[in-house]
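What TrEMBL records for 116, 229 is Mg(2+) binding site.
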């Protein structure tokens, strides 16, 4: 049941399968295609996050990600500004349109990448599947993306451990979650050193360059795993101060940010995050 559901999602949104819907949409020359409910749901949420983040979250960033060596081919030199400008010409969610169950692009070179949101969506789909089978207490986890409902058998909320930076009070804290989702993203997962710089896979779709702020990782609590998964990309692109302000303005969303100050790791919390920390 679970495997077959994940297989269907994979056939829809996996970039590793040439036969998937997303791979076919990304083919050069393709300008529109009928999509299934999975891609449609994710695209709709992507438009929302793109608007709220003022363009920071953008699923059309795929060509830029590849340009910086995070695709199938590695790079030997940084891309020149002229190259970035030529690619930026077909990056931007204003070049996408959802018309019913048809996804359209105004430029045939547009290519989308749903990896920053699809795994969280998959967690939500599995949670809905459990609900349909009468399961009311659960913790669903895929690749670190988590969604909870209800409580454990002893009526205690589900617990998720979060590592803290060296020097913080305690090596970790434990979140107690019920009816909430949580995701963590960091600059340590996909990165490489080049010419004395640390290059991360979080690419700014506005200027085409990898994010160069001092944020090391973020943990996001939200109502759905899809929301948490999408917004952790946004928080990785903002400064710690900007990230906390962004979260404080959104009902039902909290963030914990680890950032660097010189050679020291620091922490920042949104105003409601502490209520989820186990005493």
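Including glycine, each Cβ sits where the backbone N, Cα and C put it.
Remember, TrEMBL labels are computer predictions, not curated facts.
Neighbour count (other Cβ atoms within 10 Å of the Cβ, all protein chains): 24 for residue 116 (Mg(2+) binding site).
Long-range Cβ neighbours of residue 229 (Mg(2+) binding site) (same chain, at least 6 residues apart, Cβ-Cβ under 8 Å): 116, 117, 118, 119, 120, 121, 123, 145, 183.
In the three-state DSSP reading, residue 229 (Mg(2+) binding site) counts as helix.
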